[in-house]
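Participant: Quick one: this structure, given as structure tokens, is what I'll be asking you about.
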Amino acid sequence: MLYIFNSFDNMWVDFIEQTKSFKVSVNNYFYYLNKIKKLFTYLNDLRKHILKKYVYTINHKRIAINYLYFSMVTGLSGAALATMIRMELAHPESPFFKGDSLRYLQVVTAHGLIMVFFVVVPILFGGFANFLIPYHVGSKDVAYPRLNSIGFWIQPCGYILLAKIGFLRPQFWRYYDKTSFSFPFLEKMKYNQYKEYKNDYLFYLDFLKKEITDDHSFFWKARKVIKLPQYSVFSFVPLKLMMWKTMINYPESFWYAASRVVQSRRKKVFVTKCSARTLTTAGWTFITPFSSNIKYTGVGSQDILILSVVFAGISTTISFTNLLITRRTLAMPGMRHRRVLMPFVTISIFLTLRMLATITPVLGAAVIMMAFDRHWQTTFFEYAYGGDPILSQHLFWFFGHPEVYVLIIPTFGFINMIVPHNNTRRVASKHHMIWAIYVMAYMGYLVWGHHMYLVGLDHRSRTMYSTITIMISMPATIKVVNWTLSLVNGALKVDLPFLFSMSFLLLFLVAGFTGMWLSHVSLNVSMHDTFYVVAHFHIMLSGAAITGIFSGFYYYFNALFGIKFSRMFGYMHLIYYSGGQWVAFVPQFYLGFSGMPRRIHDYPVVFMGWHSMSTAGHFITLIGIMFFFLMIFDSHIERRAATSSTLGLPRWYKRISYYIFKIRYLQHNKAKMNGIPGSTVRLMLIDRHFAEFEVFKK
């Protein structure tokens, strides 16, 4: 009996313990369930916060920072394409592309267009212009904030199309590259036999079936027979569901079908042995007839390229229209005609915005005419039917050469802000500096022909373009001399923006001198198609323009993000990036003197030494870019507060005059701005030593 009671007691104890453990497990379950619920609530709130802060925002400062982040991403993709190019050229016998010269040309095309249209332009006119102009003209925001947001979100559309050109394999586009960052957008449709049945019997697109196709040469005589394995089939789906999927997954099918329908009226078959239909080999300059004729370039890729440039042009047009209207309608009373109150960087940006307003429609008209020539059988650039292929080069370079000044003149503004800040004295002859950039910009409209010495221009045109190109060195010389004089007799404070400015000055001098040599017709004829030209414009754009942008970025870093930048990573960025530029592009001058042609993926072994050095310089530059992103991450993680110490006691005696200068300079500016009727003054912090007073309406 005792045994039974003990057993019952043990069973009861076990039951109580199991109940307790069950309660504990239930409590733990609800505890972790509550934690998961809080986590999902936090993630949902974070998603709403990110959408509200970055996607739905119409604030000019946030949109400007979005432009900067976007340009960082596109810059990395452009650098990846440049790495492919340098790895191909590091050694003869085509080590990277395995002899595929067309693929090499496609990568070069995408690299050039990404760097010009989706890196430098968004940084300057989407980032800095959107952030600074409302401050400097005295408005609370731009004239059309929602239009400003639309202009930003058009940029990624064009970039995705262009990245699709650069990061895909040379096969037909139904086979996408899984190593590409864009592969989620390129998932191919599943094979459907029923759709193929309807495609064959309802639409009877027999020329899109898998079959052997004759290849015709330029003389309309069959030379050989090529096989097109697994040729893509036009999928039959409803129109509303078909359009986006077709352009993303099967662009060659869509454009090839449309072009063949029109071309059949002229009884021509545009199939060639020159290039694969999905490759863009016309280059970033849209050389005709390669870009205007399906006979020479990709059936779908060149059209996607044209559409990408149109998207970039629409975004740029929205930006410069919005900012120019802001300047015209929202500027302070008295500010509109008193240029002396406006900072130099804003004067430079407004000048280049007006330049963009005149040259962007020209490029848009040129690429639209190319699209018409390709698909609607117009003959703007078709010589056999009365067109002029040289006209497209005139249109492109009328845009292309002023575009160089559009990219370099805003960096002049950054230098003119940094030099007086670091040297405790104003810029030498500010009015001459302003007139110099105006003369440089207006003369830039007259020299586009020096890119076309080899197309058959007569000697009078060559002489005119050469003379004006030489004359354009005078305003550039005025600027360099005034910057040098601004450094004399001052209490110089050497910091990171100032060192980037000096690096910019050296790179700009070398790029300008080498450009002046190219202005001479006799030298240009022998050097035009060599690596000398590649070195010249890369030192001007990748060297001078990007270095000037970095100087402005570090100068306005505290104003942009409200924190101080990491000095250690910043100085490493300066050393490696500037050093890498010299090591990468100076050897290319010697390659040009030796006769190494550009746009060629292979070369004799005699050029391997200079090419290897140039490739090493490229990787040194990539290390500098790595330090730049480390600086961004470290600055945002540490979040050191940007505090003003303008009135602090200086450590060194030579800084006494520096602080006195800044105090007097700020007091002078504040007195001038308070004199404008209907205005008040606010403070925009630049760095821990310096700030600017800006005006805005009451």
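These residue numbers are counts, starting from 1, taken along the chain as shown.
Including glycine, each Cβ sits where the backbone N, Cα and C put it.
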Participant: Since Swiss-Prot lists H450, H451 for Cu cation, which candidate among H394, H401, H421 does it give for that site as well?
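Facilitator: Same Cu cation site in Swiss-Prot: H401.
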Participant: Which range, 217-237, 574-594, does Swiss-Prot list as transmembrane segment?
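Facilitator: Spelled out, Swiss-Prot records transmembrane segment over residues 574-594, not the other listed ranges.
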Participant: Quick one: do the transmembrane segment (434-454) and the transmembrane segment (349-369) reach 3+ CB pairs under 8 Å, ignoring pairs fewer than 6 apart in sequence?
Facilitator: yes
Participant: Provide the number of Cβ atoms within 10 Å of the Cβ of H528 (Mg(2+) binding site), excluding the reference atom itself.
Facilitator: 17
Participant: Name the residues of the same chain, 6+ apart in sequence, whose Cβ is under 8 Å from the Cβ of H111 (Fe(II)-heme a binding site)?
Facilitator: G78, L81, A82, I85, G166, W284
Participant: I need the CA-to-CA distance for H536 (heme a3 binding site) versus E88 (Ca(2+) binding site), whole Å please.
Facilitator: 21
Participant: Using the structure shown, find which entry in E88, D529 (the binding-site residues) has the sparsest Cβ neighbourhood within 10 Å.
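Facilitator: Output over binding-site residues E88, D529: least Cβ neighbours within 10 Å is D529.
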Participant: Between the transmembrane segment (113-133) and the transmembrane segment (395-415), are there three or more C-beta pairs closer than 8 Å, counting only pairs 6 or more apart along the chain?
Facilitator: yes
